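Chemist: Take a look at what Swiss-Prot says about it:
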- 99, 141, 145: Fe cation binding site (BINDING)
- 142: active site (ACT_SITE)
């Protein structure tokens, strides 16, 4: 099922997600719904807070990059439950980022070149991955969502910052009727 997205201005996007203690049918369905929502909106990753669920889970559909920089997409979504990042590279790389919760805007963000992520899959199995390049950027971006952080909090200031801030305010106003606060 495609779920409604939370947009910039939603309190859910600024809340630290809660750890998932048990993988239930509801969690499995949430992951499936998130994947369908991500694909429907042409995303490459999606965190649970972006669909109004403040739990520590995100999905991603990129496995890597070719030498030419083309993305290699997964046959099945990767699900990360209660992710923990480590071995964060000191080498920072500037890259453009966007977000389904901030439609139409992109900005440059410095992120580490590589990371290691340890998480749990839908079968309850712990796994560890070392990621570099764009897949690492996606994991860091989605993991930030689980901590109430948006890419705009880390972006390099755009050349026309006033215009960017104005666009953010338009997003907040436009999607205000979609804002939910499920913790209230």
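Heads up, the Cβ atoms here are built off N, Cα and C, so glycines get one too.
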Chemist: Please list, in sequence order, every residue of the chain apart from 99, 141, 145 whose Cβ lies within 8 Å of the Cβ centroid of the Fe cation site.
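Modeler: Other same-chain residues with Cβ inside the cutoff are 45, 47, 50, 97, 101, 142, 144, 150, 151.
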Chemist: Mind giving me a neighbour count for the residue listed as 'active site'? Other Cβ atoms within 10 Å of its Cβ, every protein chain shown.
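Modeler: If we count other Cβ atoms within 10 Å of the residue listed as 'active site', we arrive at 25.
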Chemist: Do me a favour and check the Cα-Cα span between the residue listed as 'active site' and residue 99 (Fe cation binding site); whole Å is fine.
Modeler: 9
Chemist: What count of other C-beta atoms do you get within 10 angstroms of the C-beta of residue 141 (Fe cation binding site), across all chains shown?
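Modeler: I get 24 for this one.
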